[in-house]
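The next block holds one structure in the form of structure tokens; read it before the comments.
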Amino acid sequence: MASSASKFIKCVTVGDGAVGKTCMLICYTSNKFPTDYIPTVFDNFSANVVVEGTTVNLGLWDTAGQEDYNRLRPLSYRGADVFVLSFSLVSRASYENVFKKWIPELQHFAPGVPLVLVGTKLDLREDKHYLADHPGLSPVTTAQGEELRKLIGATYYIECSSKTQQNVKAVFDSAIKEVIKPLVKQKEKTKKKKKQKSNHGCLSNVLCGRIVTRH
């Protein structure tokens, strides 16, 4: 129990500026949408979280997507276990930058680290007033998000809204699963090996017993 409880997972959010990364983190950690002041970068956060029976200590790191932070941002990538790569469902540019900017950056500074692809601001995609105020806007569809997920090799693609809290928890649950999945598989393999060894021992005893009986 102690080993699973002490497992630390460093989760880093990345993506263009103004896609809602900080709001998503605030919403996840406080269960409310920030209406007054939204900081540029969310303070690092750590808490014990239980996902599928496994307790982990989840550490959340926020990053600023603006170009001014291009040199500083990669310092947050060191030791990352998983990335939450975000784009806005109502920003075609942020969607395109996932493949053009963020994947090359992550592959350069943190190769091999798994990621969860997230489309934010889900509530605005169907908001008639918002769409009317932004003529010519072409929201990203679920199918296009899935297509991008396959292209970048992400296991999960989740659409969420910090304002309504829809799927926000699912984002970070998926990030945790992405890290603990190999650990669970390894535990299962170890259990299987122990069981096979135990069964082999029992079989040997039975055979030995038979030999003794024949004598």
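Glycine is no exception: its Cβ is also placed from the backbone N, Cα and C atoms.
As stated in Swiss-Prot, the feature motif 'Effector region' covers range 37-45 out of the listed 1-9, 37-45, 109-117, 154-162. For Ala18 (GTP binding site), the number of other Cβ atoms no farther than 10 Å from its own Cβ, over all displayed protein chains, is 14. Assigned with DSSP, the residues of the motif 'Effector region' (37-45) fall into helix, strand and coil as follows: 0 helix, 1 strand, 8 coil.
For Lys21 (GTP binding site), the same-chain residues that are 6 or more apart in sequence and have a Cβ closer than 8 Å to its Cβ are Thr13, Val14, Gly15, Phe42, Asp62, Thr63, Gly65, Val84, Ser86, Thr120. DSSP assigns Lys21 (GTP binding site) to a helical segment in the three-state reduction.
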